[in-house]
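As annotated by TrEMBL, active site, nucleophile applies to A:CYS12. Annotation source TrEMBL lists [4Fe-4S] cluster binding site at A:CYS271, A:CYS417, A:CYS487, A:CYS490. What TrEMBL lists as Mg(2+) binding site is A:SER318, A:ASP380, A:ASP381. Annotated domain 'Glutamine amidotransferase type-2' per TrEMBL: A:12-252, in sequence order.
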Protein chains: 4
Amino acid sequence: MELEELGIWEECGVFGCIASGVGPSELDVPHVITLGLVGLQEARGQEVAGSRTHCTGMGLVNHVFSEDRLKKLYVSNLWIGHTRYSTSGISELGNCQPFVVETLHGKIAVAHNGELTNAAQLRRKLMRHGVGLSTGSDSELITQLLAFTPPLEQDDDPDWVARIKNLMNETPTSYSLLIMHKDIIYAVRDPYGNRPLCIGRLVSVGDVHAKGKDNSETEGWVISSESCSFLSIGAEYCREVMPGEIVKISRYDIQTLDVVPRPGGDPTAFCIFEYVYFARPDSIFEGQMVYSVRRRCGQQLAIEAPVEADLVSTVPESATPAALGYAQTCRLPYVEVLCKNRYVGRTFIQPNMRLRQLGVAKKFGVLSDNFKGKRVVLIDDSIVRGNTISPIIKLLRVSGAKEVHVRVASPPIRFPCYMGINIPTKEELIANKPEFHDLAKYIGADSVIYLSVEGLVSSVQESIKAKEENENNFKTNKFHAGKFGHCTACLTGEYPVELEW
Amino acid sequence: MELEELGIWEECGVFGCIASGVGPSELDVPHVITLGLVGLQEARGQEVAGSRTHCTGMGLVNHVFSEDRLKKLYVSNLWIGHTRYSTSGISELGNCQPFVVETLHGKIAVAHNGELTNAAQLRRKLMRHGVGLSTGSDSELITQLLAFTPPLEQDDDPDWVARIKNLMNETPTSYSLLIMHKDIIYAVRDPYGNRPLCIGRLVSVGDVHAKGKDNSETEGWVISSESCSFLSIGAEYCREVMPGEIVKISRYDIQTLDVVPRPGGDPTAFCIFEYVYFARPDSIFEGQMVYSVRRRCGQQLAIEAPVEADLVSTVPESATPAALGYAQTCRLPYVEVLCKNRYVGRTFIQPNMRLRQLGVAKKFGVLSDNFKGKRVVLIDDSIVRGNTISPIIKLLRVSGAKEVHVRVASPPIRFPCYMGINIPTKEELIANKPEFHDLAKYIGADSVIYLSVEGLVSSVQESIKAKEENENNFKTNKFHAGKFGHCTACLTGEYPVELEW
Amino acid sequence: MELEELGIWEECGVFGCIASGVGPSELDVPHVITLGLVGLQEARGQEVAGSRTHCTGMGLVNHVFSEDRLKKLYVSNLWIGHTRYSTSGISELGNCQPFVVETLHGKIAVAHNGELTNAAQLRRKLMRHGVGLSTGSDSELITQLLAFTPPLEQDDDPDWVARIKNLMNETPTSYSLLIMHKDIIYAVRDPYGNRPLCIGRLVSVGDVHAKGKDNSETEGWVISSESCSFLSIGAEYCREVMPGEIVKISRYDIQTLDVVPRPGGDPTAFCIFEYVYFARPDSIFEGQMVYSVRRRCGQQLAIEAPVEADLVSTVPESATPAALGYAQTCRLPYVEVLCKNRYVGRTFIQPNMRLRQLGVAKKFGVLSDNFKGKRVVLIDDSIVRGNTISPIIKLLRVSGAKEVHVRVASPPIRFPCYMGINIPTKEELIANKPEFHDLAKYIGADSVIYLSVEGLVSSVQESIKAKEENENNFKTNKFHAGKFGHCTACLTGEYPVELEW
Amino acid sequence: MELEELGIWEECGVFGCIASGVGPSELDVPHVITLGLVGLQEARGQEVAGSRTHCTGMGLVNHVFSEDRLKKLYVSNLWIGHTRYSTSGISELGNCQPFVVETLHGKIAVAHNGELTNAAQLRRKLMRHGVGLSTGSDSELITQLLAFTPPLEQDDDPDWVARIKNLMNETPTSYSLLIMHKDIIYAVRDPYGNRPLCIGRLVSVGDVHAKGKDNSETEGWVISSESCSFLSIGAEYCREVMPGEIVKISRYDIQTLDVVPRPGGDPTAFCIFEYVYFARPDSIFEGQMVYSVRRRCGQQLAIEAPVEADLVSTVPESATPAALGYAQTCRLPYVEVLCKNRYVGRTFIQPNMRLRQLGVAKKFGVLSDNFKGKRVVLIDDSIVRGNTISPIIKLLRVSGAKEVHVRVASPPIRFPCYMGINIPTKEELIANKPEFHDLAKYIGADSVIYLSVEGLVSSVQESIKAKEENENNFKTNKFHAGKFGHCTACLTGEYPVELEW
């Protein structure tokens with residue numbers, strides 16, 4: 001609840017599309033892009049009260065071409081886009097993506113999800129070379145690095161693989177990139193695989209919704225931060241881009257050009273919070289559905305922190321998979337205690353004193369007949385600052401709950417993230433405050449317990465490891481290109497790379 | 001799902017607020033009204049793709065006073081509002097409420113939910129008297145009827161009760177009205193009680209969220225079509241306005257002025273579809289929570305139409321209470337199979353061919369790992385035209401469901417409504433079409449069964465009757481002012497009053 | 001300048017169009033209406049800084065019909081519209097025109113320019129009859145009076161002429177009306193002829209811009225408050241509607257149904273300020289071009305108030321005809337001393353202290369080389385409150401003018417108008433203040449002289465009287481239906497009818 | 001008329017402001033900037049139907065700083081802005097100014113008016129150096145050239161004069177630049193002085209409108225493409241920036257850092273069309289008021305092309321100074337024949353066939369009584385394509401003009417401009433078409449004569465040369481830094497620099 005309520009995260013998504021075949025395609029590429037971005041927008045930011053920035057529109061306006069030329073580009077049968085969830089409501093114009101620059105070899109466009117851990121050094125390096133930087137964004141750094149000519153390149157034959165590898169050597173993480181040049185899209189994931197990126201195949205709509213789709217004709221390819229939007233645009237999921245992989249996608253085929261290894265044999269470091277919060281439940285990462293991981297977190301939580309109670313419920317809607325998992329393992333009934341007031345959050349009503357006093361309560365209707373006189377286990381997906389759960393607990397008690405036990409389906413956040421996620425400062429995190437020592441009292445619950453870091457990691461890795469042992473196929477092999485791990489830096493302070501300033 | 005998807009209903013809500021006590025109140029009446037209307041808006045129309053008209057803004061603009069005078073009115077510590085869900089997206093300006101007219105005794109404002117069954121005769125009668133009608137709305141008819149002076153009235157002392165009773169004699173149903181004159185609000189429900197109306201008490205915010213609230217001070221009164229928004233504005237539920245009751249609410253007290261009886265001892269006729277679809281689950285009608293009725297419908301459906309299966313699921317979100325009830329009675333696990341794409345519906349993307357082909361599928365993500373290889377019972381709240389459930393079934397099958405059995409938690413709609421609900425024409429209703437005889441085949445399900453009319457009626461009346469037998473208190477007595485029943489006209493063709501044209 | 005600057009006037013315009021002939025016409029009636037209203041908007045309000053309300057859009061939305069039905073009406077080949085200049089920027093919704101009501105005989109629509117001098121009594125009379133009034137507008141009064149059935153009327157055959165004459169008996173002035181019923185437009189001017197109304201003939205575009213147009217085919221008729229917009233829509237001017245005349249315009253012909261006489265043989269009372277300020281210079285009233293009257297005012301002013309000077313100039317742009325007339329009569333050169341900053345007025349820049357100090361100066365560029373060291377006669381069209389001319393005089397002096405003599409081409413306003421014009425209260429009028437006795441000193445001029453009332457009246461009536469003597473044709477006869485005069489109430493306090501309250 | 005009508009020109013303006021003194025100033029710099037830009041907007045583009053792009057808003061949004069940081073910058077007491085008139089209505093986002101980049105020494109912002117004649121070579125040079133270019137604008141080229149470190153510069157001490165001179169060596173014309181770095185504004189005009197730039201002094205508002213202002217305190221400095229907006233912001237005109245001059249403006253003083261000479265002793269080449277069309281009449285260039293030059297063009301035209309006629313008139317409003325000059329020299333009366341319909345042009349009415357047929361006629365009201373039966377000399381400022389004057393002539397004839405003689409107060413345009421003005425292609429210019437040989441017949445006039453090139457040049461240079469001979473002061477000396485001339489390339493094909501591609 002609280003992640004959603006506070007809107008403390010800043011997360012992006014990228015999406016690209018290319019139509020297959022020779023000549024003009026019947027595929028409406030701008031439509032597919034827009035739908036794909038909308039799907040991502042939903043996933044990567046969840047539902048936050050009125051504060052979402054639809055960067056979509058801007059993202060499709062590039063810095064070099066006019067509307068008319070844009071249409072011509074679309075006619076060229078491919079495009080890339082970008083969406084961004086912003087807590088501020090005002091996004092800086094200069095940060096809009098895709099970022100387009102003209103080079104000696106024509107224009108390149110870059111859409112980027114992630115954050116370069118060594119951005120400050122890269123900026124200084126470029127400016128020392130005499131390049132003026134017109135935005136504060138990492139995307140501009142990436143395009144300017146790509147504009148540099150590698151030593152062995154011939155004047156009339158740009159070597160984009162060499163340029164991309166040069167970029168990857170300059171900065172280890174974190175980025176998932178879509179790079180467009182002429183009629184090619186390059187899809188690149190950083191060697192640590194910190195941000196997600198996956199590939200889907202567009203088939204004719206009749207086919208995607210029918211069985212036996214393997215024989216269907218390929219209408220095009222999509223590359224997306226998440227697979228969740230694939231079904232709603234008529235695409236089927238193919239596979240993830242591997243950590244360090246450079247994939248070249250043309251209108252005719254898909255090719256892996258290279259896989260850049262991690263320095264020193266480091267393990268992969270896919271962001272574990274993608275499972276906990278960002279991703280839409282129907283997305284697939286590392287071969288497993290996010291919903292399943294969340295339910296397993298609930299099951300694990302039931303094992304770690306059981307409680308005598310009459311029913312299990314959820315703070316709708318992000319905690320529902322965990323609540324169902326908890327209920328199933330505890331063999332307690334799953335019951336709804338709150339319903340959401342969808343319109344309140346979205347109305348531009350100036351908050352006055354009465355409204356502020358009502359707080360989060362105004363966002364929920366209470367189904368009191370369902371829990372009057374009962375002991376409730378309330379599953380939440382996160383408690384970060386600790387000030388949104390209290391009014392909910394109060395509402396339940398006033399409406400007749402006998403006891404309210406809170407179980408949190410993720411561990412407490414204690415450290416900042418430098419790889420793309422905008423977390424409150426350390427001081428604001430409840431886990432770093434004195435109140436944390438008697439959190440139940442602070443939030444007004446009868447008890448409160450978080451999932452352990454080990455519990456979360458095992459919920460995430462369990463089925464991947466099970467697959468590893470049983471299978472020996474293409475996909476799992478790919479993940480094995482080096483050691484396997486997850487980034488838990490915000491929970492443990494252990495960052496995948498050394499941070500430079 | 002289908003009611004929501006098609007947006008075939010047109011339903012309104014009214015909301016009024018009056019601050020208690022002498023002199024200026026600290027209560028921010030416009031704020032309370034706006035929040036109340038927003039709450040109703042959510043309830044009475046559900047979430048329909050992009051087609052909702054926020055009449056709120058217009059509703060607060062009246063036809064006589066300028067903005068400045070409006071502010072002065074607010075200072076007078078009371079106001080009434082109106083919200084309307086419209087399928088067309090464009091609401092006629094002239095239909096905006098509250099409708100305000102100036103009479104010999106000053107201005108009166110009227111907000112109205114319902115539809116006058118004899119509107120055509122009333123129009124002719126008024127025009128014959130020389131009144132020009134400036135809108136096509138029932139609200140204007142009501143205000144013009146109220147503007148007429150009853151024979152015994154003194155010139156300087158308007159007899160509003162006589163005027164209201166005169167109106168009620170002219171038209172039997174259906175209406176719930178809020179009438180504002182000077183510093184009084186009259187709340188009126190038609191003798192059949194076809195549309196809902198209830199009263200709440202505003203207490204200080206601290207009090208409403210604390211126990212022992214009986215001693216709290218009254219800050220004001222709210223009158224609303226539904227109780228669902230009460231909690232979110234810091235009000236507690238008091239009671240319903242009875243069928244035929246005229247309630248006078250001043251800043252100092254609440255009084256029942258009269259209860260107009262039904263002709264010929266007819267039973268009451270509260271719209272049964274308020275339980276099935278319109279109302280928000282946390283609203284209370286006739287002493288029971290709507291959520292509980294919906295869950296009972298699911299339980300009843302499990303008794304009427306059980307099936308061998310592995311899991312029970314819902315078409316989110318309106319069918320969830322019924323699905324949980326069905327699962328509980330069948331002792332089958334409740335599992336989520338679909339997640340909603342919130343943003344798709346709300347995006348103003350021009351639908352092209354590909355999108356139209358994708359249909360309702362684009363609104364859902366599929367949680368395939370949850371049901372692969374399983375037999376699914378899918379609970380829906382309604383199947384009206386029959387063309388939205390098929391693509392969902394197809395989605396589930398393509399994603400691995402072994403069997404899909406559909407159970408509908410309400411009976412089929414077969415007849416038009418003339419009391420405020422805009423239903424598709426008889427010919428469009430699936431229950432009146434030949435395909436209905438083999439509906440399972442038509443929609444692609446393994447089986448499909450609706451709840452019986454008797455099952456619905458008993459789910460609704462069961463606990464009311466139980467209370468009647470056990471209790472003998474004020475509230476149930478009130479419902480007994482005459483025979484007790486529900487309007488099931490759209491299901492059975494039995495209308496509560498004879499229809500005139 | 002000041003009338004324009006202060007925006008103290010509130011003036012309306014009406015416009016109607018009907019296509020000629022049988023069956024669907026090729027004439028695009030909505031387009032003609034919109035263009036006609038735009039032309040009026042310009043004329044009847046002049047250019048006021050950002051405060052103009054485009055009522056056009058609203059005016060075309062009627063209170064009874066939906067958009068779709070509106071389209072059908074257009075297809076019916078006629079429509080009426082209304083435009084209003086409002087000083088407040090916020091126009092009351094309920095005042096929007098055309099006002100449409102349904103009567104026993106179908107819908108009637110009314111567009112109205114003017115103000116009923118006995119509106120208060122009419123309101124009381126209607127309400128006593130039991131009619132609730134939903135707006136504060138005179139247009140509603142007019143429609144409700146028209147909805148009343150005259151005693152001799154047959155139930156199935158409405159007698160609109162009797163109804164219109166009944167209305168004209170109930171209220172003497174001031175109104176110019178367009179009444180639409182089915183496929184007829186009735187054009188009505190009050191017996192005093194206080195507000196203007198004229199008729200034009202639409203010919204094919206080729207014809208209107210070619211000579212010998214008398215043989216051209218009539219495509220339709222337009223009725224407008226002013227003739228100024230005729231040329232720009234391809235219409236030619238026919239004639240004015242006479243004071244008291246009821247004209248019936250169908251698709252086939254134009255007929256005078258009746259001419260209602262003034263009580264007691266009163267003279268006509270066309271508003272003299274239409275010549276001074278409201279009308280566009282190319283409009284024609286009473287057989288003469290407004291521009292010519294304004295130039296004559298300047299010539300008359302030169303005779304009444306000559307001055308030793310080097311050049312004559314204007315406060316652009318409304319005073320230019322008078323300035324050219326003054327210069328011609330005085331045989332002094334006409335020279336431009338100011339140019340207008342068009343964009344400043346229209347920019348939504350929040351005024352801060354610096355801007356307020358700059359005052360009206362920010363609206364003008366100064367052409368200092370044109371008058372450095374010279375004695376300037378500055379012609380203005382009006383000085384009402386007296387606080388906008390001073391900064392202009394200051395600007396000219398600072399930029400090098402040796403002397404600045406102000407001459408005002410209209411007499412001082414001293415009294416309120418009750419016939420449609422919103423004038424500042426008596427106390428705010430400079431002519432009623434002590435400062436008026438030494439106005440030159442107050443505004444910083446070397447001298448200041450207004451045109452006399454007699455001078456204005458003779459400038460207006462001179463050429464009309466000349467025509468009367470020479471001609472004996474249809475048009476002038478019409479004006480002679482009774483005595484001939486002009487309303488100068490705001491200048492002299494002599495109102496054309498006795499005012500009731 | 002036609003320049004205005006066709007909107008064929010694309011012209012920009014720059015404006016900067018810096019508050020004087022130490023510490024925070026009371027001067028509201030953003031306000032001054034906005035007003036200054038609005039004034040320029042009016043001047044540099046005139047009034048074109050609905051097609052003006054207010055780049056102002058965007059211009060103040062820079063590419064590096066967020067709103068919050070922008071506010072901080074404002075607090076720093078200086079800022080620069082840019083406005084652009086665009087015929088397309090849609091301006092490319094990437095072209096928005098000021099263009100801001102971060103360099104090793106902090107951010108620099110650049111606002112630019114003009115067009116680099118060797119832009120293509122500069123782009124290639126930069127890209128070869130590895131710089132990716134994110135827009136197609138000259139401003140980005142300029143910032144990237146400024147970001148380059150000159151050889152002798154110390155790492156911690158940027159030599160901006162050297163950098164600016166390096167830029168000026170790379171590209172000779174045409175540009176007027178404002179460059180902002182920290183608390184300094186550099187104002188730069190290209191060596192040919194092709195685009196205007198001048199400096200004003202902000203004094204307290206009381207002072208600027210009072211005499212004896214020489215003793216007033218300096219509140220700040222403004223630098224602007226034109227002086228026209230100075231009065232409306234409370235500034236007094238100081239002087240022009242000289243061709244090739246680099247001026248450094250700090251909060252404490254103004255200094256000329258250097259004057260870069262023209263190669264080969266070329267004469268200056270100030271754009272002569274600034275006098276003819278772009279500039280506002282009250283602006284001052286080269287010591288003379290634009291209005292005076294335009295009147296002299298009319299006088300010269302009367303000498304070159306007199307005609308037997310009854311009156312002289314103007315196509316309002318840009319040709320009015322020339323018409324008054326012509327009338328004065330010819331000793332014919334100056335009479336208005338047309339009045340402008342201000343609102344028509346600005347209304348977003350979709351043009352249908354009727355409107356298109358009406359053409360330019362819909363923009364004018366005709367004052368027929370002023371010229372019926374008379375021989376009219378109609379002065380226009382330009383005839384470029386030749387298709388807008390014909391309908392005006394037709395209007396006058398239909399309304400009674402006996403003869404219509406057209407005199408054009410500028411020579412025909414025959415060649416493209418490569419220095420900032422967007423001219424129709426050579427083929428579209430009427431002077432290059434066969435119809436030009438019998439232009440009077442083509443446009444329907446009795447005669448038509450353009451001003452000669454020599455006549456225009458002498459109208460422009462006459463008073464400058466007169467001053468030169470008589471005076472020996474600071475300002476004229478400055479203009480003498482080399483030979484003196486004007487750019488007449490669009491009239492004669494003689495470009496000031498050799499064009500490279």
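Every residue, even glycine, has its Cβ placed from backbone N, Cα and C.
Sequence features, as recorded in TrEMBL, placed on the structure.
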residue	record	DSSP class
A:CYS12	active site, nucleophile	strand
A:CYS271	[4Fe-4S] cluster binding site	strand
A:SER318	Mg(2+) binding site	coil
A:ASP380	Mg(2+) binding site	strand
A:CYS417	[4Fe-4S] cluster binding site	coil
A:CYS487	[4Fe-4S] cluster binding site	strand
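Closest by Cα distance to the residue listed as 'active site, nucleophile', from the binding-site residues A:SER318, A:CYS417, A:CYS487, is A:CYS417. Candidate recorded positions: A:CYS12, A:CYS271, A:CYS417, A:CYS487, A:CYS490. Fewest other C-beta atoms within 10 angstroms, A:CYS417. The record gives A:CYS271, A:CYS417, A:CYS487, A:CYS490 for [4Fe-4S] cluster. Within 8 Å of the mean position of their Cβ atoms, the other Cβ atoms in that chain belong to A:ASN194, A:ILE272, A:PHE273, A:MET419, A:ILE421, A:THR488, A:ALA489. Residue density at A:ASP381 (Mg(2+) binding site): 27 other Cβ atoms are found within 10 A of its Cβ, drawing on all protein chains shown. Summarising the environment of A:ASP380 (Mg(2+) binding site), the number of other Cβ atoms within 10 Å of its Cβ, over all protein chains shown, is 24.
Around the Cβ of A:SER318 (Mg(2+) binding site), 22 further Cβ atoms fall within 10 Å across all displayed protein chains. Reported as a whole number, the C-alpha separation between A:CYS490 ([4Fe-4S] cluster binding site) and A:SER318 (Mg(2+) binding site) equals 20 Å. Here the Cα atom of A:ASP381 (Mg(2+) binding site) is found 19 Å from that of A:CYS487 ([4Fe-4S] cluster binding site). Geometry remark: A:CYS417 ([4Fe-4S] cluster binding site) versus A:ASP380 (Mg(2+) binding site), CA distance 22 Å.
A:CYS271 ([4Fe-4S] cluster binding site) is 18 Å away from A:SER318 (Mg(2+) binding site) when you measure Cα to Cα. Counting only the Cα atoms, the space from A:CYS487 ([4Fe-4S] cluster binding site) to A:ASP380 (Mg(2+) binding site) is about 22 angstrom. The distance from the Cα of A:ASP380 (Mg(2+) binding site) to the Cα of A:CYS271 ([4Fe-4S] cluster binding site) comes to 20 Å.
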